[in-house]
Amino acid sequence: MKTLGEFIVEKQHEFSQATGELTALLSAIKLGAKIIHRDINKAGLVDILGASGAENVQGEVQQKLDLFANEKLKAALKARDIVAGIASEEEDEIVVFEGCEHAKYVVLMDPLDGSSNIDVNVSVGTIFSIYRRVTPVGTPVTEEDFLQPGNKQVAAGYVVYGSSTMLVYTTGCGVHAFTYDPSLGVFCLCQERMRFPEKGKTYSINEGNYIKFPNGVKKYIKFCQEEDSSTSRPYTSRYIGSLVADFHRNLLKGGIYLYPSTASHPQGKLRLLYECNPMAFLAEQAGGKASDGKERILDIIPESLHQRRSFFVGNRHMVDDVERFIREYPDA
């Protein structure tokens with residue numbers, strides 16, 4: 001049995017930018033995940049369920065667990081003095097860590113993805129993305145350090161809190177998964193160099209919004225539902241409502257996750273920096289593909305901290321198909 005810490009140290013030689021700082025940074029995220037796991041598992045016993053009464057910068061009502069997870073991860077990262085600053089879905093602006101100007105890395109995170117599901121005991125997750133800063137070491141970080149394209153990520157991953165808690169990450173050398181053993185207090189390696197199955201047969205989208213979708217996405221959904229034995233259609237529809245949970249299932253079973261633009265969200269709804277980029281990095285490392293319907297996600301130059309984007313991620317052939325439908329059936 002190999003632990004996450006042992007695995008990271010063992011694989012450092014595969015990573016060109018390997019440093020003790022990055023290893024310690026991943027360990028800090030691991031600690032934060034353990035704390036969140038512990039409290040999610042007793043969420044019904046303590047007063048951390050439901051809405052907090054506050055809103056985040058996007059105008060969305062924050063759940064108590066959103067704020068709890070944000071504070072715990074922020075504290076875990078700050079305590080190690082290895083991160084110069086963070087950007088979070090739950091913070092209006094970047095958070096600069098005073099006294100950490102010497103640190104080389106910045107972290108972007110969605111502390112608790114799918115938190116509206118927690119009240120009904122459905123899987124939720126944490127998403128993280130790590131970059132090397134671009135401003136001089138020794139100075140406070142600025143927004144410039146965070147507004148980097150996804151192809152500059154040095155590591156990314158997620159934690160899914162479900163029937164078991166699992167941490168999945170990449171440093172650009174494959175995707176690896178670790179299951180948390182609460183009796184030992186460690187994450188243990190369960191899958192190394194994960195890959196999407198050759199063919200996907202599942203599509204994940206909130207079909208309740210069908211009438212609001214672009215024409216190309218509507219046509220693709222109909223394509224998924226048509227019978228064609230040569231392409232194993234119709235595909236199965238599965239949608240949990242938590243990006244981490246839906247992505248994780250599709251990574252294991254094969255499939256595509258779709259979150260297109262709508263009239264109310266013409267740029268899309270998912271955040272480019274906190275959700276799309278890290279998941280796109282993982283997808284490509286697992287042999288998949290991620291796109292906004294027209295452009296590779298990892299090549300998009302971000303313009304603002306909380307920028308949104310349409311998002312299609314999963315098996316390469318399925319993302320290719322949805323891109324083709326979007327090209328062939330443009331909106332009037």
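Our numbering is plain: 1 for the first residue shown, then up by one each step along the chain.
Even glycines carry a Cβ here, placed using N, Cα and C.
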In Swiss-Prot, the residues Asp110, Asp113 are said to bind Mg(2+) 2. Which of Glu227, Glu275, Glu284 is said to bind at that same site?
Glu275
May I ask you to find which of Glu89, Glu90, Glu91 Swiss-Prot records for the Mg(2+) 1 site already listed with Asp110, Leu112?
Glu89
Further binder of substrate named by Swiss-Prot next to Asp113, Gly114, Ser115, Ser116, Asn206, Tyr257, Leu258, Tyr259, Lys269, taken from the candidates Tyr105, Tyr131, Tyr239:
Tyr239
In the same chain, outside Asp110, Asp113, Glu275, whose C-beta lies within 8 angstroms of the Cβ mean position for the Mg(2+) 2 site?
Glu89, Met109, Gly114, Gly125, Thr126, Ile127, Tyr158, Leu243, Val244, Leu270, Arg271, Tyr274
Compute the C-alpha separation of Ser115 (substrate binding site) from Glu89 (Mg(2+) 1 binding site), stating it in Å without decimals.
12
Going by C-alpha distance, which of the binding-site residues Glu89, Asp110, Leu112, Glu275 is nearest to Tyr259 (substrate binding site)?
Glu275
Quick one: pull the CA-CA distance for Tyr257 (substrate binding site) versus Leu112 (Mg(2+) 1 binding site), whole Å only.
18
Let me know how many other Cβ atoms fall within 10 Å of the Cβ of Glu89 (Mg(2+) 1 binding site).
24
What is the interatomic distance between the Cα atoms of Glu89 (Mg(2+) 1 binding site) and Asn206 (substrate binding site), given in whole Å?
22
